[in-house]
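Features reported for this protein in Swiss-Prot:
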- 1-29: region 'Disordered' (REGION)
- 8-19: compositional bias 'Gly residues' (COMPBIAS)
- 97: site 'Transition state stabilizer' (SITE)
- 101: active site, proton acceptor (ACT_SITE)
- 263: heme b binding site (BINDING)
């Protein structure tokens, strides 16, 4: 046992309060590491933002002189600094890597990662082995950030700098959209189960990568450039490349373009033994001021720099756009060698020395490649794409430009969030486009009339609430995808998901479609109503009825203006990533999920940008409204299904109920303590609100004698937040983790 955990030979406190104990104060997490954490629901509080919760970054960015920023960045590119000299006199390669690694953490499975927020500034990303020396890139940019201040976020600066680096080396980029507001604390994300850098405990079976992760080893962005676990096998490496790039939403064509385009520039660094390298930024000394990986190998910089341990230069013109990557890849045969640092890499066999030295104009080298570069030649799928790009350099340039734009903008959501004069006009399917509104919206009188027609269709409260939730709750605050706007629940794959009860969904959509046709065919003044609006309005009408049936009159907010997406502009395969594997709000959990049900609930709430109170009130409301997937009665602690009441909390907290586990590990049976008769059934998601102390405190608020009306009004407000989470047209999206509920 290491010194931090201590040896507990005497049977005392497991945290070791002795002379040799660490100075770290034990947290609740140290005592109860398996307890459900709500930390993710409390992230990014306005209290951590030095500009305050009302800071409008979009307005600041729109006042920025972007041309001046770009001009200044062009100067930085060739202004080599003695403390970190530029390879070939140009920082382009370094800044491309910085931007790539800022954006490349994106994973399509949950939309997390990516360039938004500027998370590369914080742990653990700032200290990942794959991000070695990018601390220097950020310091090189400090004069730019310092000059433009609040008008230019670090997150936007990282991506913009990558674009300018490409442009300064003769490449034409596809465009740039600003609008990435900075975050001010690390994102608490699951990056893997390992406790050591480059660990690979994330695999099961025959190299089955953990479903929630996007990289092959802890601390890497994608793959090990030496090959799987350092095995220099290009074909095996191709398997890893295909898997990890697909999890970043890239197909084979885009993958080849990205790798080859990025490796047209710059070099890798492996001048000496990695043992000379000091700790990463988070582990460095205080006097190092956030800089890590200090090297004691000779000068430690310039020609003596060690970063990845690989020493590779791909192109004859490493600071100029060319097709040399593919020309060299196919024109030479390759033999395995090792870098000065001992890393596996490849050198062109019997090749002339045609590659420039980064610091000595009188020296030349042979072409070199990474194992993962050779994958583009020797993998049977990548090879024809690579050869096509070799023979069609203009198409390659266009493919790289588009793939780079996708890489650096994939987590930004709808194009409505893109800011600035460099936003391309072309519509791209991966942006999940929704048509702009071209008609007046419905007014209050229309809304009231439509509600009555909807309630007259004969569907239950449960039916209408379930469909509205299914439409809206696909939203992910991580990459701003999903949500009710666009009504893509009408299309594959969402219309066929089992959790959405396809037969009922089809019936509801058909009847709402009839109402839409009647209204749009008779409304005056050009007014129209979208299916997206009608689906949400149906849920709102049902909730108002459910509240009224319980004795509380509440107006559920409704803001019209959603539009309907087109099926031809809906990438079904891409939307499959939004399929719920668990949705605790509907008491749905698939056994394939890698999280416990209650953890999956918190994860879902985090993606919906809900606070703990909002999560609590929504679960309680959805249960009594009968909105469980598949009509399950688990957690439906009420005899008045369809009435919006606080019954879930009242009965959960009632001590007459005793809970026992069943043969199903996630299901429990409630018994009357006196009669031993069955009362309710529940899942782990239901019982966590009585078990976890913070959630029990929330539940008690709504279970009190005076809690019912507060519960109804808080439910309506939290419901409205979910329904509008993706509404980029009515203000800030739901990227805050809390909102003020009723007093």
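Every residue gets a Cβ built from N, Cα and C, even glycine.
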List of residues, in chain order, with Cβ under 8 A from that of residue 101 (active site, proton acceptor) and at least 6 apart: 120, 130, 131, 134, 221
In three-state DSSP terms, the structure that residue 263 (heme b binding site) belongs to: coil
Distance from residue 97 (site 'Transition state stabilizer') back to residue 263 (heme b binding site), taken between C-alpha atoms, in Å: 10
